[in-house]
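Asks: One structure follows; several queries about it will come next.
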Amino acid sequence: MTHVIDGNAVAETVRDDVRAAIDELEAEGVTPGLATVLMGGDDGSATYVSMKQRACDEVGIDGTTVEIDPDAPAEALYETIDELNADPDIHGILVQMPLPDHVPKREVLSRVDPLKDVDGFHPENVGRMVSGNSRFKPCTPHGIQKLLASADVDPEGMDAVVLGRSEIVGKPMANLLLQKTDGGNATVTVCHSRTQDLAEKTRAADLVVAAVGRPEMLTGDMLSEGVVVIDVGTNRVDADNEKGYELTGDVDFKSAREKASVISPSPGGVGPMTITMLLYNTVKAASLQSGVDVEL
Ligand SMILES: Nc1nc2c(c(=O)[nH]1)N[C@@H](CN(C=O)c1ccc(C(=O)N[C@@H](CCC(=O)O)C(=O)O)cc1)CN2
């Protein structure tokens, strides 16, 4: 029987821990604060930002959304980040990706105070993660580690294939799977648009994490029996419904499920964990900045 991971249910258990940690902070007079900055983006960006705001309200984080005109110069975003860096009530800052083309992403990510960088994208935090001393693990890969643990999947000794080399998912995922710690110790192959013989690589894998942004590109014939499959894709595909689209993962769920021992669907798998791990990192940031230790 294939175990289909319920991302919403796993997210709820992590949120219980987050709520308990917020109670500990509140008892010491600290309310965690998160600022989410939206400057344009893609079709999903505004939706994800409002989901983040709602999630903050739901657990007791003081969430603020700052919107910047996508045509404004990059300096407008820098000024906002500087103000948020200086605001003692803001413990976490997140700049929603993607940014407009004229805004240099690396400048932006380096501008966020590394102690408030709840995405874990600042070079200092990337360096810490790569050297095995993470401060904030990036939300999606960290969430995937939690999903795997919830299904009793230990990557240790597995041949893992990560499809995609993005800064948000592919690279940090590969890194966390490689690390000499719980949730790691896998042998990792990263595949991307220039990879040759992709199916040969995925067929040799015990664990496949698909994060390429191409609807249903990973099909059952590319997988071996008993594989663990994690679908990170949330692609909007045109559909004849009220919204005009439906969400589809990077995995062809029906055929992949026939091969998999464990599979996460999309929607309803990784997505809810991305937002939950952001709440988790915000509480961790509040704890680090206030000096109030919490259990997380
Ligand atoms: N600064 C960041 N930008 C982006 C990140 C990020 O981690 N930090 N990740 C992605 C998008 N993302 C969060 O921002 C995200 C994607 C999907 C979901 C989610 O819950 N999806 C649901 C379906 C939601 C829907 O109905 O549209 C699901 O999969 O069940 C949450 C967050 C890019 N940018």
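From the backbone N, Cα and C atoms, a Cβ is placed for every residue, glycine too.
What you see is a predicted model, and the numbers here were worked out from it, not measured in a lab.
Okay, so TrEMBL annotates it like this:
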BINDING   GLY164, ARG165, SER166, THR234  NADP(+) binding site
DOMAIN    5-119  domain 'Tetrahydrofolate dehydrogenase/cyclohydrolase catalytic'
DOMAIN    138-288  domain 'Tetrahydrofolate dehydrogenase/cyclohydrolase NAD(P)-binding'
Asks: On a count of neighbouring CB atoms within 10 A, which of the binding-site residues GLY164, ARG165, SER166, THR234 is highest?
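Replies: Buried the deepest by this measure is GLY164.
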Asks: Summarise the model confidence on the domain 'Tetrahydrofolate dehydrogenase/cyclohydrolase NAD(P)-binding' (138-288) as a single mean pLDDT, whole number.
Replies: 98
Asks: Near ligand 1, which of the binding-site residues GLY164, SER166, THR234 have CB less than 6 Å from any of its atoms?
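Replies: Listed by sequence, the hits are THR234.
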Asks: Determine how many residues of the domain 'Tetrahydrofolate dehydrogenase/cyclohydrolase catalytic' (5-119) DSSP places in helix, in strand and in coil.
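Replies: Result for the domain 'Tetrahydrofolate dehydrogenase/cyclohydrolase catalytic' (5-119), in helix, strand, coil order: 56 helix, 17 strand, 42 coil.
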